[in-house]
Amino acid sequence: MLHRMTTRQVEKTMADRRAKEAENSDLLSYASSNQVQTMANKSDLGVLAKRRNNQAFQRSAEAMLEEKSIAVEREAVRNQRTRDQNDFIAKALEEDRRTQERKEREIQRICESSEELRELESMLKVAYVNKERAVQQAERETLAQIEVAREKAIETQMEYDRQRALVDMSAKEFGKRVDAVASKQSIQQQMLDRLKLHEEAAREAEIDKTKVDAIMRKIEDEDRMEQEKRERYVVEAKKLIDDCKLQRAKEKENAIRREKEEDQRILQHGKHVEMREAGIKEKLAEKKKREEEMFLAVEAEIQRQRRAEEDFARLRDELWEEEVLEARRQKERERAQKKQADKDEMMRSNDAQQALKAQMLAEQKRKEDEYNDFLKKKFASEERREMEMDKFRRQQKEEYKQSIAAQNQEKQAMYYHELQKERAEAARVADEEAFKKAVVEEAKRRILEDHAAKLQGYLPKGMAKELEHRRGNMGSR
């Protein structure tokens, strides 16, 4: 069964709901106020804690800032000190470098303006020229020796060729003689053999004559035949001998002709050798002429370079002399100006002293007058005034003496100061001269050490003795 809602019930329900909502709202507002209060309390405590924390943080931050500031200041001071030290070191190094450069420039100027070094350099140049000439002379002598040796070798070869040709001709002649002797011996042997045969035949004939008379005619015929045969043999032998003589004469003529031809060839060879030697001598003469021309050209170039160097040295010396003269004149002008300034200063000082003296006398007179007036007013007695006046004059006189003594002492101090300045200037000039002398001596030593080995034996006697003396001093040290 459905319940119907009436207006009263609705209103009651709504009122109950409103009451509950109000109660809930109160509870909520109470809870909210409690929460707000709690939060406010917590906020106050947090603020206090935060304030304390902020104060502690601020104090620590201030302490840190202060420490940081102190550290920054210390770092800045340290950096500034480091920069100052670096600047000081850099300035000192720069000053040392400039001093070294000035010293090097001064040493260079001294070396360039030293007459001794210029004389030493000129002597070294002369020594180098002498060495070059000696080398060229040695080369010419060596070439001459080589040429003489070559000519001697050519003559030796020609003599060897001539001796060889003579030996060959002698050998050929000996061979011909041997052949002739052999042919002669052969002919003689044949003749001996024939004579032996003849003798044997004669002996046989004599033996057969005693035994066989019957066949005498036959033997006589045989003997006649043999005689004819012998005669033919003799004629043939004579003919053979004549042929040998003719052949020997022909061979002799041929040998003479060959000798003439060989002599002609030898003469032609000699002429060819002479022509070749003439060509060689001509080439040697041309070579010698070229060498002499080259030597003259080199000598002319050396002379030209020497003249150019001498002109440059002369111009440099003239410029240096002008600079030295100008520096000397400048020093003289400065010295004269200083002397005039000192004189003017002394005159001004004297005038000032005279003026001061006049002023002091006037002041003293004024004081005496004032004091006299004062005494006249104070003392009626003339004697008392005179006594006081004498006392005052003595006091003024003592003061004047003290002033004069002070002025004299000041003058003596000024004179002593000027004397010290002059002595210092003289010492400085002496030190400069000693420094220049030491620089020149050191430069001479180095130049001699650099060139002594190269110019050994070509140095002038004085320079060689000086070098030995320096070496002896170095060895003794």
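Every residue, even glycine, has its Cβ placed from backbone N, Cα and C.
Marked as region 'Disordered' by TrEMBL: 1-35 (among others).
For 9-23 (among others), the entry in TrEMBL reads compositional bias 'Basic and acidic residues'.
What TrEMBL records for 26-35 is compositional bias 'Polar residues'.
Annotated domain 'Trichohyalin-plectin-homology' per TrEMBL: 110-461, in sequence order.
According to TrEMBL, the region 'Disordered' annotation covers 252-279 (among others).
If you look at the compositional bias 'Basic and acidic residues' (328-348), the same-chain residues 6 or more away from its ends with a CB under 8 A from one of its CBs are 418. Here TrEMBL flags 328-348 (among others) as compositional bias 'Basic and acidic residues'.
The feature region 'Disordered' is assigned by TrEMBL to 328-353 (among others). Counting residues per DSSP class in helix, strand and coil order gives 26 helix, 0 strand, 0 coil for the region 'Disordered' (328-353).
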Quick one: average pLDDT across the domain 'Trichohyalin-plectin-homology' (110-461), no decimals.
-> 74
Could you break down the residues of the region 'Disordered' (1-35) into DSSP helix, strand and coil, giving a count for each?
-> 29 helix, 0 strand, 6 coil
